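Peer 1: The feature active site, proton donor is assigned by TrEMBL to B:E488. Marked as substrate binding site by TrEMBL: B:W357, B:D358, B:K600, B:Q601. Look at TrEMBL and you will find B:13-265 tagged as domain 'Glycoside hydrolase family 65 N-terminal'. Residues annotated as domain 'Glycoside hydrolase family 65 central catalytic' in TrEMBL: B:322-688. Summarising the annotation, TrEMBL assigns domain 'Glycoside hydrolase family 65 C-terminal' to B:697-739.
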Protein chains: 2
Amino acid sequence: MKKYLKVDEWKIIEEGFSPELNRVSESIFSLGNGRMGHRANFEEGYSGESLQGSYLAGIYYPDKTKVGWWKNGYPEYAAKVLNAANWGTIRIQVDNELLDLNRCKVLEFKRELNMRDGYLERSFKAEFESGRQVSVQVKRFLSIVHDSVGAIRYSLTPLNFDGELSVLFDIDGDISNQDANYGEKFWKEVEKDSATDVAVLTMKTKRTNFFACTGIAFDVQKDGKTISFESAPMVREKYIGREIKIKAEEGKELVFCKYAVNYTSLNTPKDKLRLHVEKELGVVCSLGFNNLLKMQADAWHLKWRESDIEIEGDPEAQQAIRYNIFQLYQTYTGEDPALNIGPKGFTGEKYGGATHWDTEAYCIPFYLATAAPKVSRNLLIYRFKQLPQAIENAKKLGFFDGAALFPMVTMNGEECHNEWEITFEEIHRNGSISFAIYNYIRYTGDQDYLIEYGLEVLLAIARFWKQRVNWSIKKERYVILGVTGPNEYENNVDNNWYTNYIASWCLEYALEAMRYVKGRDEAKYYTLMNRIQFKEEEITSWKDIIDKMYYPKDDKQQVFLQQDGFLDKELILVKNLGPENLPLNQKWSWDRILRSCFIKQADVLQGLYFFQDRFDLDTLKRNFDFYEPMTVHESSLSPCVHSILAAKLGYEKLAYDFYLRTSRLDLDDYNNDTEDGLHITSMAGTWMTIVEGFAGMRMVDDELTFNPMLPEKWKSFSFNMVYRGKSILVKVNKEGVEIL
Amino acid sequence: MKKYLKVDEWKIIEEGFSPELNRVSESIFSLGNGRMGHRANFEEGYSGESLQGSYLAGIYYPDKTKVGWWKNGYPEYAAKVLNAANWGTIRIQVDNELLDLNRCKVLEFKRELNMRDGYLERSFKAEFESGRQVSVQVKRFLSIVHDSVGAIRYSLTPLNFDGELSVLFDIDGDISNQDANYGEKFWKEVEKDSATDVAVLTMKTKRTNFFACTGIAFDVQKDGKTISFESAPMVREKYIGREIKIKAEEGKELVFCKYAVNYTSLNTPKDKLRLHVEKELGVVCSLGFNNLLKMQADAWHLKWRESDIEIEGDPEAQQAIRYNIFQLYQTYTGEDPALNIGPKGFTGEKYGGATHWDTEAYCIPFYLATAAPKVSRNLLIYRFKQLPQAIENAKKLGFFDGAALFPMVTMNGEECHNEWEITFEEIHRNGSISFAIYNYIRYTGDQDYLIEYGLEVLLAIARFWKQRVNWSIKKERYVILGVTGPNEYENNVDNNWYTNYIASWCLEYALEAMRYVKGRDEAKYYTLMNRIQFKEEEITSWKDIIDKMYYPKDDKQQVFLQQDGFLDKELILVKNLGPENLPLNQKWSWDRILRSCFIKQADVLQGLYFFQDRFDLDTLKRNFDFYEPMTVHESSLSPCVHSILAAKLGYEKLAYDFYLRTSRLDLDDYNNDTEDGLHITSMAGTWMTIVEGFAGMRMVDDELTFNPMLPEKWKSFSFNMVYRGKSILVKVNKEGVEIL
């Protein structure tokens, strides 16, 4: 845990240069616009600790699966988002001295992420070994108006010298991923070209054959006036740049603007990439940095109008929630149904940038309430389009007749994760996909979605569960054996309560959806039923499973059991565990974690959260009181659910503590892993803690209801929401709740 | 399954050339002498399908562990035996034509493994593209008299031409392992040298820095007379050879003898390696091929005298058992306590040549009965010497106070396997190490072993179990959660009956051993107890666990349960499973296997086998009848245990079928995997099926007893055994059993 950033309601501020925190800051100050993103690497380059990262949405590589002992059913490959061409640099040299904060003396340093306007700013004073000093101010952003565009304004003033400056504007495509085997490279050069103030590089990925074209243009101002210049080409394999020499004079500001445009073959024909890039580069240059930045700020103001949360009386909490919202919108804008939300967004390489169930369980509620329905709808359609692969995936595991198992981790619908206890067994993910459809329709009222897309997905998932249960002669109930629940600190258990519950619910909801669609559009209903060769007896068997599903519980304590064997464990409370044991995943071996009672993230409680309307407060309380004290929250997805439930139970302090923990997870580097990238998907959970937790928002019988609680420290909080076409403002203060 | 080898009581015979079976035959005709071994690669080289393999006992490389998601406690590396310098070649060229059975027309071909005398013979007639024909006879062996020595006699007769022959005698150290990443090489050259009829190459392994020196010498006879020759050096990185040119004449036999000597730094100082090699090469050459082969045959005859099993009336069964015994003695001779028995011996690379629990559970009974006690004792001492690493290994997993967990797979005592469900959870292996000590003492009467070595190991294992159990409030019993039993088709289960049983037994036996040692040598007892800081209360806690261990069972069917959740499974019999499902490990995904009832290898039955004297026949029968029909025997270690128990229960046909399956597993390539190497450790199980199964040998109250059964097809069978210093011959025929 670290506390090195200044608190400000609209900004993230780092003052003073801390090389040892540079990788953490590179994550925290990341920029993105839904289409691309990069870590906050220094424009002039940096030879110290740094993770250079520049990512294009949807561009991935299938890395061959490597395991000790191959198990039948493993996917051939694990996909990962590729670190792509780096255009975010303006390299500066004075005579033979490179501007590099790792070698210079850093006299002043400040970095600010301006969340209101959507840009990153950095200023510093540095002294070269020769004693020469420069003052630098940099602004940069990735445009959310033109999502192929990025821009940098680099201002440099010599403080105590005249001399010749060499400035290099380049695109470096010779990039590797951090976790690549033996520094393996995934990009090949296609073509490159440059002229005085412009350069273009087209690359393609190995095997997947994605093309990406990056173009840059740049201009120079001296003392407020645009000047012309000569430039020399710098060419290497997978690299192109232009170097200019310019006379620098003491006290006279030099400003370098660099514009970049990126197009990929995901949305543009391969042979038109360069054309598009060059055309848009022209537009961008003619607009210029200041106009582009103005448009950026206006666009962000609009976003904030729809999604801001305002907290009075607690600047730390205020800053945190805005940061979470800001990063979510940097990652996913909902424009493109081919895209999804990687757990780290564009801020790092961990989890391969692939889609997880986080999207359905955590992100959809956020986008439902803060954006037009089409955004969440696009996230649902993403899965709908991948239904054929999900059916194929289930087939590989022995399922049949159109049963679908959506992948645990995916880029294009194919499974790309290769631990058996997750890939093969963490099947509750299928439930969250049905639940997201239910949640979307409950919130938006868009029942038509069922007819066009939803029902087919629900049926394929229901078929999966039907085949996945088996009848236990011993229990005289249907059981689900060999699963991993949301709590990944238990693997391959029998009858995970959450999985059994959501499985049965999926069957129920599929039947309900069938009835609805049949009633609304019989023709379409029968067309679908014929196409998927649905048999009437499937209905009977589903009903039988719903009736006779087994749910492990403890009669004495009146709690649901996480799984059959839970009560054989030694039940120890986290508070009685010496701190030398935490975090468990770093201190304990895996088997010890697995046989312990400690819970990584909400499991039974995840179910009680999803299905709140089906359980009374007493039930919730008993289970919360039983499981919360054994939960270590070593998943970023855990504290938000506990916070919401704690708020519901009136455990105010607990709810508030969990809120701070989840909302400031990255800002305070709570788990010492922010350097790998931000916990993007759990940021949606943070938003939920306020709206569903403190404001107590629920959907009841097609209506929004609120049951608010105000954390002691807060004077008030308010937030904007979109609900069925209306923008509403919810204000909570000591007097109660106000809906405007 | 294949049936291409001729049946012969003392030989393995392949007639006719089958290139598609070449890799299988290379495994089957492998040679070894406990110190080194190689696959039956053709001396003249072969450009077709082939796995070249030449291995030196104990020479391994630590390959870095690669897993998708690192889990705390994983070993840094996975060790593997290295494919070492290949000296087994005599490459022949006539003018520009290479003798290569993949390119020549093969007119005749025969291969014989002579098990009685311990050598391999091959003869063929081949026609070059040019029409030239040669007749070739080759003999080769690895000496069990001088275990650093190998020899080849290569006879070639031109059938229809005169011409110049080029013959290359070489040592190729530029060798890779089949499974090496990207063809990575593990050997570096140290030095090499050669003269007219001799060459020496010293190599060392990367990282582990083992040195291995190989020397060769050769001579040539023409028409029965030794002739002198010139030779030219052939030199490359990691390679040295001498080429000779010789006039070949139609009908005149040329004989090339090649002798090789191998020493490694395991037993010889690095700077003396070459000296030793050259000295021994001199001795070998002066003896000559025929004398060496005579000594080899004599030594094998002696081995057979101690360990042969003779079967009358069933040549197929006879051939099979001799083949199993032959391969076991080719793999391990018991001379060196630093060595152990890899699952594939020297016949392939799979399982990395490392030590598994197979040694204790399967091989020790074989060596106990067929060799001097020191052989099994050396196998026990191997583990004793690795006790410090076993304690260290347990420590990494959170154990303390000298508790030991012996590795699942090891080269030098460190764990080198990296699947969590095996490495961390297949802890029953610890039990087999205690059991092997018990078994050794029971058979040999060597109680002194307890005082010097055994007790310390037993106590460290007992301490492990004490810490590994936990008290279940629900069951009011001690439970063992999160284990993988012998049946690896269940992972991470609770209360595996076998594991719970052997754990409790380990505590019992440790207490018994303490009493014995205390009574025999109080001084040594207290010295040990002080050294390991033994506390009296440990005894109390062990007794409590013995009293209150939980054993899952089904009261209705009166069987022990493989694990807590077994009866929730769908119980299907293998015979009701369509053949399209088998083998499961190739047809089903891992999760499906795990949640099925199908059993890879004896599990509850393994326990009933180990502890036969504690369970009555009815109990055995109920459990056998319950589990056998669900067992798929997809481990080579499984059929032998089932065969022994079937024999005990009087299920004659079943016992015989299992015997044939286990004994001819490789000869008939039953599992289609013989090409990867032979199933060496399960060959000991084959021996057990005859001695413990059909002959019904048991130790009862310090006496050998027999309870024989004669398979219908057999007239009689008899075997030699060593028991407490006496050689005995056991004969079973229709009349009964005779001990001579």
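Cβ from N, Cα, C; glycine included.
It should be emphasised that the depicted structure is a prediction, and the values quoted were computed from it without experimental measurement.
Give me the lay of the land around each of these features.
Peer 2: Counting only same-chain residues at least 6 apart in sequence, those with a Cβ under 8 Å from the Cβ of B:E488 (active site, proton donor) are B:I422, B:E426, B:K600, B:Q601, B:S635. In the three-state DSSP assignment, the secondary structure recorded for B:E488 (active site, proton donor) is coil.
According to its DSSP assignment, B:K600 (substrate binding site) is coil.
If one looks beyond the domain 'Glycoside hydrolase family 65 C-terminal' (B:697-739) by at least 6 residues along the same chain, the residues whose Cβ comes under 8 Å of a Cβ in the stretch are 305-314, 317, 369-372, 442-445, 612-613, 647-648, 650, 652-653, 655-656, 659, 690-691.
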Peer 1: Long-range same-chain neighbours of B:D358 (substrate binding site), Cβ under 8 Å, sequence gap at least 6?
Peer 2: B:I341, B:P343, B:L637, B:T681, B:S682, B:A684
Peer 1: Just counting, how many other CB atoms are there within 10 A of the CB of B:K600 (substrate binding site)?
Peer 2: 22
Peer 1: Provide the three-state secondary structure of B:W357 (substrate binding site) computed with DSSP.
Peer 2: coil
Peer 1: Would you count the other C-beta atoms found within 10 angstroms of the C-beta of B:Q601 (substrate binding site) for me?
Peer 2: 24
Peer 1: State the count of C-beta atoms found within 10 angstroms of the C-beta of B:W357 (substrate binding site), not counting that atom itself.
Peer 2: 23
Peer 1: Residue counts in helix (H, G, I), strand (E, B) and coil for the domain 'Glycoside hydrolase family 65 C-terminal' (B:697-739), per DSSP?
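Peer 2: Once the DSSP states are binned, the domain 'Glycoside hydrolase family 65 C-terminal' (B:697-739) shows 0 helix, 26 strand, 17 coil.
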Peer 1: Please give the substrate site's span as the largest CA-CA distance among B:W357, B:D358, B:K600, B:Q601, to the nearest whole angstrom.
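Peer 2: Among the residues the record ties to substrate, max Cα distance equals 16 Å.
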Peer 1: Can you list the residues of the same chain, besides B:W357, B:D358, B:K600, B:Q601, whose Cβ falls within 8 Å of the substrate site's Cβ centroid?
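Peer 2: Checked against the 8 Å cutoff, the neighbours are B:H356, B:A361, B:P486, B:E488, B:S635, B:L637, B:S638.
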